[in-house]
Amino acid sequence: MTFTHIVSKNLRYNFKRFLSYLFVNSFVVAVLFMYGSLLFNEILAKDIAMKLVSDYIEIAAYAIILFSIAFVSYTGIYFVKSRGKEFGVYLTLGMTTRDLMRMVIFESFVVVIGSAICGIAAGLLVSKLFYLILAKILGLTADIYFISYKTYLLSLGVFLFVFLCNLLFTSTFIRKLSIIQIAKASSTKGLAKSRPVIGGVAAVVFIASLWSFHATLTGNEWLNDLMGDDQSTWLLADMMAMFVSLYFAIASGIDAVRAIFARFPALYNRNILILSSLSHRFFTYKVSLYIVSLLIALSLFFTGFGLSIYSYTKKTIDEYVPFDFMIESTHGINVIGKNEIKAIVEANGGAVGTFSAFEYIRNENYRAFSGQFVYFNKASFIVSETNFNKHMNMSVDVAPDELLLVHNQKGEEQEKVDYDSLLTVEPWRAGNARAEAFRQNPTNADRFVKSLGDIARLKYEQPKTRTMYASFIDSYGNVEFESVMANVVDDSVYDSLRQEEHSTAYLFNLKSGDGSAIFAALLDALRDKNNDQSLWSTAQAQLGVKDQAEYLRPIYKAERIDVMLRINGFMFFSFAFMGLLFLMSSIVVLYYKIVTDVDEEKEKISLLKKIGLTGAECRSYLQAHLAILFFTPLVIGGIPVLFLLHASFGFTVYAGYLMARVLMLYGLFALMNTVFYLTLRKKFFRGAGLAA
Amino acid sequence: MSDIIQVDRLSKIYRSFKGAKEVKALDNISFTAAKGDFIGIMGPSGSGKTSLLNVLSGVDTATSGEVTIDGKSIAKLTKDDLALFRRRQIGYIFQDFNLLDSLTLKENIALPLILDHVPAQQIESRVDDMMSFFGIADLAGKYQYHVSGGQKQRVAAARALIPEPAVVFADEPTGNLDSKSASDIMDMLTQMNEQRASTILMVTHDAFAASYCKRIIFIKDGQINLQIQRAGDRKAFFDKILEILSVMRGDAQ
């Protein structure tokens, strides 16, 4: 019998405990690996959609690395403390701390190697699966699976680092503490003092920062004045405050529950077992509730955010692109006539349905509020009332001194008109440059008007301005599906601008025919017209520059929807992927908690049975314990996130719709949680020595 | 006096496990105990003492034979009824105290009543009463890791007695205690027996503890070997027990 013999025997004896420890550590490696597969995905990185998401992915890095550190240390500390008695016996029998450390290091070595291998293997497998499933759901055709060597470095690097820190903790634990303290560690590991004052302050801070975050997003005036331009710093500070205060608030929440129950002895007695165990294992309850709540919050936030962007775009695309096709003819580009278009459509086996040649003049908007003169940055143009009525089949009437602002984004028409309008008309590039110069060096209205020289301009007073919503054009800006605005004016006013550059948008629907073939033919015809065969090689071209052919690619609705689904699909994919990682992490934390609790509960249950607890009473106690762990985080983590997402939907009339989607997602979370709860409950009952 | 415990031809056989021979822990044991009895059960290790206690208290089931406590045959009770029976009719004092870490000592004592949904005020007064009876009133708010072994055993005794059970079973109650605490707890049990008329059945291998009993049943190889009744003072009874034990040991050799 040698030392190695004892060590290996020890490993075998603690096999079950080791297995769960190995499992959670492998899991952390796998999560890091999967996250790395997204962060270092070179295929995805090339996609424009990813440029929009990359900030969020980097933010998630902090969360994931923090989680890994917290979780690996938590399990590590628990693992060591729960074996305090065993260590105590070794030390009492005369094993030196050096020998004990050698044993622990050997064990750690097994755990590290095991976790690394299992974790990477699971990470490879599960990430591949995730990519496949998500790509399928989102209808992505391209193969987006890519594993860089950096992914390996990240997952193993972070894991090893945390693990080494853990080993350091263990060695300090063993060296510093007396045998008695080490041996007692497992029965005192849950004790912690309650701190009602800190807890109360934390709860106030938590609610205040939640409110502040909400108010900042929804544009609370008082708060906006207070923070000035530093909105993002402010929001970040709010987030940090929320994260930190939640920890202390949860602790005081547990105390508060106990204190309230204690006031009603009958109620307290009825729940004495679960209430006393809440305070007895205060620390582990506190920590696991906090970690799980945070993970659920992050998961719901990422998935909900991705889902709402996706849903919003899908919901609004018909407003932004009401017609099957649009050809914008301007600045001598895309010069084509109605008959030519019809001929091309028919030559390719199609038939044109509704057709409209919609004429307008590009302009820039400046607005004079009381005491402030600003540039209003939005793609916009001037339309005569006759042209507008003909195009929309409406009968709006605008007097010469009146202005009708037509928005193609629902909800914008409800914004208050508290300004006079100044519309300037000049060639697109010059107008754009003037606006840019004004933004750099703002002046007052008078000086600006003087600087215009003989540039055409229209002025309208606030009382003479009204607004409406109409989906009147296929809008495109330099951001996908940016909304536009039409300034509808009296015909006489429009006629006065006859010297200016006019544009025409040919907007039409197909009655029949193969849209893609017709679109290809239209593109070919227009390439000929523009004398440039290299135009428009990709549908992902930047749009919005109005005097260059490359940027005036005709719009084909089906193609735009494809592009939209691709961009938003990628975004949704990335967000959902991160959401899933957080959700899985929360499940594993719960799993580990249950596994570690089972032994303790088993002892307790066998004692309670001797005292005369019936099977049903034991089950109801265990069930309460489990239900607290499973469902409180759903409330603590979920409700604030729902609140914050609600705030971020303030900009759109579809807030209700988006909220409903997010609530459905929350419902799905709750359902999954319940299923998982029911599954683990059985295992828990059995583990604690009760038939399920 | 009516018999509160009736044990009739009780046997417990442990089936063979991992190739070991099957073990007859209890072999056709019969005895009765009247209300107010204080019985000690003694015997060498492996003689079946603890098996007997487990079967009597319903924690374990007998292979054959019948146990009747307070008129109820425990083999006929369902699992849940048995749990309720244990809760109301049986008090249990364990060698290793078996107090819950998470409850205060007072709550530990109150637990059987709490589980039985006794009104809170009633619990309060009964527990206070019991704690002063055992001289531990000042430990109410403490936890078990705060107090000594002797104090823990008093708490355990108080818990056993709080539901006013028909019988109190004690399994080596002095086993983990020093001699001072042991004699204290035995005094307590005697008081329980005399002042509260509790029926006590105690398993012990400690002759000193056994000398507090009124009657002692010696078990050997699962069978009743001998029964003796205390007559007169404890010191004489103690000597008698020692004598019997040495004879039994001699037999064994």
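In case you wondered, yes, glycine gets a Cβ from its N, Cα and C as well.
Please treat TrEMBL annotations as automatic predictions, because they have not gone through curation.
For reference, TrEMBL has these:
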- A:18-38: transmembrane segment (TRANSMEM)
- A:59-80: transmembrane segment (TRANSMEM)
- A:59-178: domain 'ABC3 transporter permease C-terminal' (DOMAIN)
- A:100-122: transmembrane segment (TRANSMEM)
- A:153-174: transmembrane segment (TRANSMEM)
- A:195-214: transmembrane segment (TRANSMEM)
- A:234-254: transmembrane segment (TRANSMEM)
- A:287-312: transmembrane segment (TRANSMEM)
- A:570-592: transmembrane segment (TRANSMEM)
- A:626-646: transmembrane segment (TRANSMEM)
- A:658-680: transmembrane segment (TRANSMEM)
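By the Cβ criterion (under 8 Å, sequence separation of 6 or more), the transmembrane segment (A:570-592) is not in contact with the transmembrane segment (A:234-254), since fewer than 3 such pairs are found. Non-local neighbours of the transmembrane segment (A:18-38) in the same chain are 11, 44, 57, 60-61, 64-65, 67-68, 71-72, 75, 79, 107, 110-112, 114-116, 118-120, 122-124, 126-127, 130-131, 145-148, 150-152, 154-156, 158-159, 162-163, 574, 577-578, 581, 584-585, 588, 591-592, 595-596; each lies 6+ residues outside the stretch with a CB under 8 Å from one of its CB atoms.
As a summary of secondary structure, the domain 'ABC3 transporter permease C-terminal' (A:59-178) carries 103 helix, 0 strand, 17 coil according to DSSP. Remote same-chain partners of the transmembrane segment (A:234-254), defined as residues 6 or more beyond its termini with a Cβ less than 8 Å from a stretch Cβ, comprise 192, 194-196, 198-203, 205-206, 208-210, 212-213, 216-217, 227, 278-279, 282, 285-286, 289-290, 293-294, 636, 640. The average pLDDT the prediction assigns to the domain 'ABC3 transporter permease C-terminal' (A:59-178) is 81.
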